[in-house]
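Residues or ranges marked as Mg(2+) binding site in Swiss-Prot: ASP74, ASP76, ASP78. Annotation comment: Swiss-Prot describes CYS75, CYS91, CYS98 as Zn(2+) binding site, evidence class sequence analysis.
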Amino acid sequence: MITLDWEKANGLITTVVQDATTKQVLMVAYMNQESLAKTMATGETWFWSRSRKTLWHKGATSGNIQMVKTIAVDCDADTLLVTVDPAGPACHTGHISCFYRHYPEGKDLT
């Protein structure tokens, strides 16, 4: 059994959400033990809002829920990679992914 490192980030685990089909990274959020348990129980993503200090069910208001396909754990057991089948855009701006901007703007780093 894998033991997750909840202590490193004060009870939170960084969670990368990826589209199971396209492999596009959709968003990064945080889970606590309760949100991970709800995710496992419902098959839909739940996160911990650091700003509101509350659980949130992705898509509860927008309808853009994320159905979980797999959950992988990184080598340090402090980050999760959750692959999902999204019902719509992941970003609150309406973009498919929260990673729709590039830095620096309009420039390649190569």
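Cβ coordinates come from backbone N, Cα and C, glycine included.
Summary for the binding-site residues CYS75, CYS91, CYS98: the Cβ-based neighbour count within 10 Å is maximal at CYS98. Taking CA atoms as the reference points, CYS91 (Zn(2+) binding site) and ASP78 (Mg(2+) binding site) are 23 Å apart. Ranked by how many other Cβ atoms sit within 10 Å of their Cβ, the binding-site residues ASP74, ASP76, ASP78 place ASP76 at the bottom. Cα of ASP78 (Mg(2+) binding site) to Cα of CYS98 (Zn(2+) binding site): a span of 21 Å.
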